[in-house]
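Engineer: One structure follows; several queries about it will come next.
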Amino acid sequence: MAELVELPSRLAILPFRNKVLLPGAIIRIRCTSPSSVKLVEQELWQREEKGMIGILPVRDSAAEVTSSASTPLPQSGGGGGDSGDKASRIQVGSSDGKNQQEVIHWHNRGVAARALHLSRGVEKPSGRVTYIVVLEGLCRFSVQELSTRGTYYTARISPLEMTRAEMEQVEQDPDFMALSRQFKSTAMELISVLEQQKTGGKTKVLLETVPVHKLADIFVASFEISFEEQLAMLDSVDMKVRLSKATELVDRHLQSIRVAEKITQKVEGQLSKSQKEFLLRQQMRAIKEELGDNDDDEDDVASIERKMQSAGMPSNIWKHAQRELRRLKKMQPQQPGYNSSRVYLELLADLPWQKATEEEELDLKAAQERLDSDHYGLVKVKQRIIEYLAVRKLKPDARGPVLCFVGPPGVGKTSLASSISATLGKKFVRISLGGVKDEADIRGHRRTYIGSMPGRLIDGLKRVGVCNPVMLLDEIDKTGSDVRGDPASALLEVLDPEQNKTFNDHYLNVPFDLSKVIFVATANRVQPIPPPLLDRMEVIELPGYTPEEKLRIAMRHLIPRVLDEHGLSSEFLQIPEAMVNLVIQGYTREAGVRNLERNLASLARAAAVIVAEQEQATPLSKDMHRITSPLLENRLAGGAEVEMEVIPMGENSHEISSTFRVRSPLIVDEAMLEKVLGPPRYDDREAADRVATPGVSVGLVWTSFGGEVQFVEATAMAGKGELHLTGQLGDVIKESAQIALTWVRARATDLKLVAAEGINLLEGRDIHIHFPAGAVPKDGPSAGVTLVTALVSLFSQKRMRADTAMTGEMTLRGLVLPVGGIKEKILAAHRYGIKRVILPERNLKDLVEVPAHVLSSLEKGDFPSIGWLKIRSRMSQTFHGFLISRLSTFRCLIQYKTIHY
């Protein structure tokens, strides 16, 4: 490759369609058209020396002419072309050897090329001659005149390259030197990147040996650039312009390589991570196989398939599971949906489709004995459970009702459900519904969601492992509803025996039979349960325990359990019945027995401290011979010092406990009771103190924790006849107060509250009615009788008897309407020591549910047919007949629940 090339005045022209050959570039072409074959034969093949031809870019007529250099060239010879400003219509040979007439646009600048290699061939069977030519671009020239020579073209040209003197002058130019350094720097950076990709070749050698003005063409010729950019590079005769354009193109090519390399590295990194994980898993499997420890690493899919085959699925569900299994087999473990599909199939395989607890022969007598041993009292509830079990014994597949135990906390609702499962010999699973507001907790989430899981019922069945357990729906009245759905509505299908045999969990997406499950529900109140859901259950109320029942429960169940939980026995601590009764009367006022158990636990903890201190003070050798441990005896015989001895579990518990026996058991008395539990929280003097003045009455209320006692206070002051109500009251109870005041004012003369007709009872004074425990919300209609009593007591200045409690809704005409919660209210009066109760006459039917010993504790009234209860259908004009004796404080003060009258 010489620096300066001497060009002839005329050159044969080979057109390049939409392509440019730059000086220094080497290209290989295949000539098949008659014109190009003729040119090669006459100008290159038949010459003894390697010939030279001109390469001239041309543009198709279909391409848009945008270059300023693509202008019509002057024609001469036999071309018959027009030398005007229109493009000449000439015949050009195509690459496939077919001649076609088309208008082309010749570029007025080209490159002289020298043939480096020639080879001749003949196509069969056509016999057409073809040439393969390797050309090297030498230097630029400008076309002065274009003419034809036979079938190909020739052109009169003029060289465009600089002379040696001009080159030396340009190389001394500071701008050229700066451009040259910038170009070489960019080129070296490109070569470094290409060498890293092992595609650089000998380009670095050219950079060190070839002049800069040649390097610009060589570098650009090796890039994939557009035809317009190639023409612009060909037209850059000035060295500075050429280097500037070449530097720009090299830099752009370098940036594109870097971007492609970055993307490639990122993709390869992701692939290499997957390949690495796959390789490590294969190596781990091979290692375990060599160690013979490959049983624990069974193929997940095969293991799931075996579990599915033994799960006993119905035919339609088995087909669905097989489709999911085939889909899982086609997935790779690295795919995002693989784990979710595997977990789903594991759930299908683990569910007890047909696995059930065998039905045992029910012994009703043994069931009755178990219920009596587990629970004291609750006669009616136990009788209903025995009836339920009797039906199950006669017809095991009977669709019995869903029992719903309703009552205050601590009365044994959950333990009753556990006793039912133990009596039936079935497994027990508890589903807590307290605070559930999402329907998906019952029906499950759809598998399209991230973090989806089955509902609590399906999950409970999976945990218990059988399809016929006793399932407790605990706190069914505590469910709520929001934008995520209504769980109570979802339970309608669960508790309906006609629908739950095809229960459809959203996650499972196949029907599951819940008809074999024995459902038991618990609730504190009936009111929050929606009526459709309540209609599917049989409500069994547990109102609470009387003090006598609490005493028996404490002696039989609570005290033994508390002593066992604190590592004590009756040899360490004894709590007499009298002290338990004091705890019940003075420290607890509740329907259940949880606070009673907490107080007993406090006594046990205090006793544990005393016993532990006495044990530490006991010498080590004292009574040591009572422990029958051969190891210990050998050590003692050898004279060794024994610091600690592990006693075998099989030792006699009596002999072991005798080691730590105190001198005498600790017996709880009143002094210890007050020391541990503090002074009594409740006494019998509070009611007398609070009703010591006129205007105070005692009412009976119902709460979610059972029945309670509520005081109503009324007072008068100077004013304008207004009524003031306080105590965080609801709208209904405020209306009851207005009705009571209106009725008293209308009957003021009959009640002898005013001297004559027409006198305003409220003339010059205001009335203020207050319900103590102002932090507790209160509402309900049954405080009417209590409000009337308080107002009449205030206006008549006659004190209400301290032993009187009452309930009943008051109408504007003076009728006393029946109210609810009679059983709970009477039990509350009994717990507070009240001997007389005023009730609406129409609530007489509700007294059947009250225990007989509670009714017998009430004093006899004015009605012989009743004998032990004072019942009024209208408000009496006299208040000395109002009944009832001792009253204690209102337990619900510390419980922030709405009180319902």
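Here the Cβ of each residue, glycine as well, is placed from N, Cα and C on the backbone.
Note that this is a predicted model, so its numbers are computed, not measured.
The active site annotation in TrEMBL covers S782, K825. Positions annotated as ATP binding site by TrEMBL: G407, P408, P409, G410, V411, G412, K413, T414. Annotation comment: TrEMBL describes 91-101 as compositional bias 'Polar residues'. Annotation source TrEMBL lists domain 'Lon N-terminal' at 11-254. Per TrEMBL, the feature domain 'Lon proteolytic' maps to 691-901. Under the heading region 'Disordered', TrEMBL lists 66-101.
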Engineer: Could you tell me which of these binding-site residues, G407, P408, P409, G410, G412, has the fewest other Cβ atoms within 10 Å of its Cβ?
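Structural biologist: Looking at the binding-site residues G407, P408, P409, G410, G412, the Cβ with the fewest others within 10 Å is that of P409.
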Engineer: Quick check: which same-chain residues outside G407, P408, P409, G410, V411, G412, K413, T414 lie with their CB within 8 A of the centre of the ATP site CB atoms?
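Structural biologist: Filtered neighbour residues, in order: F405, T522, N524, L542, A591, G592.
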Engineer: In Å, rounded, how far does the Cα of V411 (ATP binding site) sit from the Cα of S782 (active site)?
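Structural biologist: Spelling it out, the Cα of V411 (ATP binding site) and the Cα of S782 (active site) are 25 Å apart.
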Engineer: Distance check, please: Cα of P409 (ATP binding site) against Cα of S782 (active site), rounded to an integer number of angstrom.
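Structural biologist: Rounded to a whole number, the Cα-Cα distance is 23 Å.
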Engineer: Which of T414, S782 (the recorded positions) has the most other Cβ atoms within 10 Å?
Structural biologist: S782
Engineer: Cβ-Cβ under 8 Å from K413 (ATP binding site), same chain, 6 or more residues apart: which ones?
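Structural biologist: K413 (ATP binding site) has long-range Cβ partners F405, V406, G407, T522, L542.
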Engineer: Quick one: give me the count of other CB atoms within 10 A of the CB of K825 (active site).
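Structural biologist: Within a 10 Å radius of the Cβ of K825 (active site) lie 30 other Cβ atoms.
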Engineer: Tell me, how many other CB atoms lie within 10 A of the CB of V411 (ATP binding site), whichever protein chain they belong to?
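Structural biologist: Taking all protein chains shown, V411 (ATP binding site) has 28 Cβ neighbours within 10 Å.
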Engineer: Between the Cα atoms of S782 (active site) and G412 (ATP binding site), find the distance and write it as a whole number of Å.
Structural biologist: 28
Engineer: Cα distance, K825 (active site) to P408 (ATP binding site), nearest Å?
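Structural biologist: Computed Cα spacing between P408 (ATP binding site) and K825 (active site) is 13 Å.
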